[in-house]
Each structure stands twice: as structure tokens, then as C-alpha cells.
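Presented below is the structure to which this report refers.
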Amino acid sequence: MSNTFATLPVMAGDDVPAGPVDPIFNRLLKDRIIWMGEEVKDDMANRICAQLLMLAAEDPKKDIWLYINSPGGSITAGMAIYDTMQLIEPDVATVGLGMCASMGQFLLSSGTKGKRYLTSHARVLMHQPSGGIGGTATDVRINAELIMDMKKTMSELTAEQTGHTLEEIYRDNEYDHWFTAQEALDYGFVDKLVTTPDTIGNNQQGE
């Protein structure tokens, strides 16, 4: 049987994880900041889900801040993060910087509405899922059906997050669609651009 899994295409980049066990990142957790700075994979998703649950248990009323600089990756791993964000009580504010591509884009726009931020020189990429095709004809058909189902689910959620129609999302994610920070704001992926330290600093400190 073919071991094929649907993914969102990953943009080329450094394969070295962004220091998930580094003391600096652990220190950020004390301020309720989670750093997502690598390809979305199962081990990374498990870590972020655990951090979300831990911070929610520590204070269910205080916002959690998810910083995203990611080329995308596994849909199933990304959806585990998404589902955890929806299940916990605290609002999850998202801050995109650098590149938010594929699943990185989806998680950025999945933050609590009104609390989705993007730095002024960040870039956002939206496109549809893809998967490796191999194995028997039945395997190929099953994998294709899985990809189409995931495309529908993610497109429906993205339409809800951005205020666009499903038809508009299907049109715009058919091929690689890059957005500047301003274009991402206009499209509805985020609610505000980060132009000064106070843009998000006051929100983090004033909860």
C-alpha cells in the first residue's frame, strides 16, 4: 500500500528547526508567546498543541500569541494545531512575519478575528493542497479524493476567515498566489499590519 499523505507544498528554505528547545523560546513561553518558525510537521505540531494546552490551563482568560514564519507543510499536522486553537478557551492572536506560506497562511488567518497581525515586509502565499501520487490505481484514486476533500474543507474555512465567497477562494488558490502585507490585509487574512512596536506590544501587555 502506498504511504501517500496530502500536504500543502512547502516553499524552499532552511531545514533546521528554529530552536524549539532553545532557552530563548522557553523564555517566550513565559510571556505566552509560541514560536512557529519551521516546516509544519507532526513533531512540531505536537509541540505547539502541547504548548497551547499548557498555556490555556495556566490562564484560560489570557490571550496566547502565536508567531508564524513558516513555509507550510503537512495538512494533518497543521489541522491538529488549528483544532487545538479552536478547542481552547483563550483567544489565540497570530502574528505573521517573514513568510507565511501554505499551511502557514492558513494558521495565520485562523487566529482570533481582530487579533491577526502581519509585519509590513512579510509575504503570504495561498495555494491548494497537493500530494504524492504513487502505488496502485486504487491508491491514486483514494489519495486524489483525500486531496479534494481537504481542499474543500480548507477553502470553506478560509472563506469564513476572510469574508470571501467559496468560489473566490477556489479561484485564488488554484495556483500559487503571493500577497504583500498590504494585499494580505486587504484580502482579509489579517486584521492589522505591525508598523511600530506599540502595534502589538500594548495589546500583549494590556490584557
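Cβ coordinates are placed from backbone N, Cα and C, and glycine is handled just like the others.
Features reported for this protein in Swiss-Prot:
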- Ser102: active site, nucleophile (ACT_SITE)
- His127: active site (ACT_SITE)
Cα separation, the residue listed as 'active site, nucleophile' to His127 (active site) (Å, whole number) = 6
Remark   = Around the Cβ of Ser102 (active site, nucleophile), other Cβ atoms within 10 Å, all chains included, total 32
